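A.B. asks: Quick one: the structure is below, questions incoming.
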Amino acid sequence: MGKGGALSESVIKNIVLSYSYVAIWIFLSFTVIVYNKYILDKKMYNWPFPISLTMIHMSFCSTLAFLIIKVFKFVEPVKMTRETYLRSVVPIGALYALSLWLSNSAYIYLSVSFIQMLKALMPVAVYSIGVLFKKEGFKSDTMMNMLSISFGVAIAAYGEARFDVWGVILQLGAVAFEATRLVLIQILLGDKGIKLNPITSLYYVAPCCLAFLFIPWIYVEFPVLRDTSSFHLDYAIFGANSFCAFALNLAVFLLVGKTSALTMNVAGVVKDWLLIAFSWSVIKDTVTPINLFGYGIAFLGVAYYNHAKLQALKAKEEEKKKIQQADEESGRLLEEREGDVEGKKNDQSGN
């Protein structure tokens with residue numbers, strides 16, 4: 001084959017790899033959500049201890065992240081001072097602990113399908129908190145889009161057959177804490193030039209998260225676990241669950257590294273629809289037409305938001321290219337001018 005054929009094979013290989021990473025991420029994300037629901041739901045495995053489950057995940061992920069970074073050295077650690085850790089990582093760890101605790105707690109009260117619908121509010125929360133912290137500029141058209149997403153989720157909530165107020169409060173709290181965490185990552189780490197991939201994030205954040213979770217665990221879940229047989233774990237069930245949670249973080253690392261964060265957002269939309277279909281067909285959760293109509297409105301709003309972000313990124317890249325081209329042109333003209341001046345000096349000295 002010629003060069004064209006070789007190039008074609010290379011392009012096809014990259015496309016196949018990208019789709020493979022997307023498929024792996026969707027599968028693992030799907031598996032972790034359904035697995036957590038299975039463990040926590042009182043009608044299934046009936047182990048309703050969300051803090052304990054999250055602590056098991058964090059312990060497992062902390063250990064594996066330590067082995068990958070410090071022992072096997074597959075991933076380079078980030079330079080982290082004590083001051084940066086205390087001022088930046090600790091607040092992020094606290095928010096992450098709260099987000100995971102509340103989101104896992106919601107599985108006890110709400111269906112998988114309805115939780116995915118409520119998660120559509122994430123862009124609304126991130127944008128609103130970004131504006132509050134002055135990381136995002138207020139734009140009326142963007143705010144209208146955020147309101148349309150909220151309106152769609154409100155309709156979906158109105159049509160929910162198993163509506164539970166406490167479950168909704170828990171999930172909305174999880175969304176709020178996660179959105180705040182994402183904005184703080186940008187403020188506390190991004191502005192300092194510190195970039196954490198999912199593996200280094202687990203290495204630095206998971207132990208901190210574990211420490212924060214230990215405080216409510218002692219008062220809320222430990223007394224119940226101590227007084228019941230629930231304290232004896234099924235290592236096969238919880239080991240596989242923890243491994244899936246870690247593998248999901250590894251998949252995020254591969255997906256974002258080989259494609260982009262936007263690809264993950266789009267893949268996330270596909271995963272949400274698959275989870276809703278699975279929740280309805282296999283778990284037998286009730287999904288009403290009003291649910292789907294409301295989520296459809298929210299879905300269109302999220303899709304438009306992602307499209308607008310993509311267009312903004314493209315415009316930013318084009319602007320960078322124009323500035324770079326202008327700088328190169330200015331440099332070339334300056335060199336030519338200096339060359340002309342040097343030539344005239346040589347002519348004058350020759351005369």
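Every residue, even glycine, has its Cβ placed from backbone N, Cα and C.
Got these off Swiss-Prot a minute ago, pasting:
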type	residues	note
DOMAIN	38-156	domain 'EamA'
REGION	321-351	region 'Disordered'
TRANSMEM	15-35	transmembrane segment
TRANSMEM	49-69	transmembrane segment
TRANSMEM	89-109	transmembrane segment
TRANSMEM	113-133	transmembrane segment
TRANSMEM	141-161	transmembrane segment
TRANSMEM	165-185	transmembrane segment
TRANSMEM	205-225	transmembrane segment
TRANSMEM	236-256	transmembrane segment
TRANSMEM	263-283	transmembrane segment
TRANSMEM	286-306	transmembrane segment
A.B. asks: Are the transmembrane segment (236-256) and the transmembrane segment (49-69) close enough that 3 or more Cβ pairs fall under 8 Å, when only pairs 6 or more apart in sequence count?
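C.D. replies: These two stretches do touch.
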A.B. asks: What residues elsewhere in the chain lie close to the transmembrane segment (236-256), defined as a C-beta under 8 angstroms and at least 6 residues from its ends?
C.D. replies: 21-22, 24-25, 28-29, 31-32, 35-36, 39, 45, 53, 56-57, 59-61, 64, 197-199, 201-202, 263-264, 267
A.B. asks: Determine which residues of the chain contact the transmembrane segment (15-35) at the Cβ level, with the cut-off under 8 Å and only residues 6 or more beyond its ends counted.
C.D. replies: 112, 240-241, 244-245, 247-248, 251-252, 254-255, 258-259, 263-264, 267-268, 270-271, 274-275, 278, 283
A.B. asks: How do the residues of the domain 'EamA' (38-156) split into helix, strand and coil according to DSSP?
C.D. replies: 91 helix, 0 strand, 28 coil
A.B. asks: Can you give the mean pLDDT for the domain 'EamA' (38-156), rounded to a whole number?
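C.D. replies: Result for the domain 'EamA' (38-156): average pLDDT 92.
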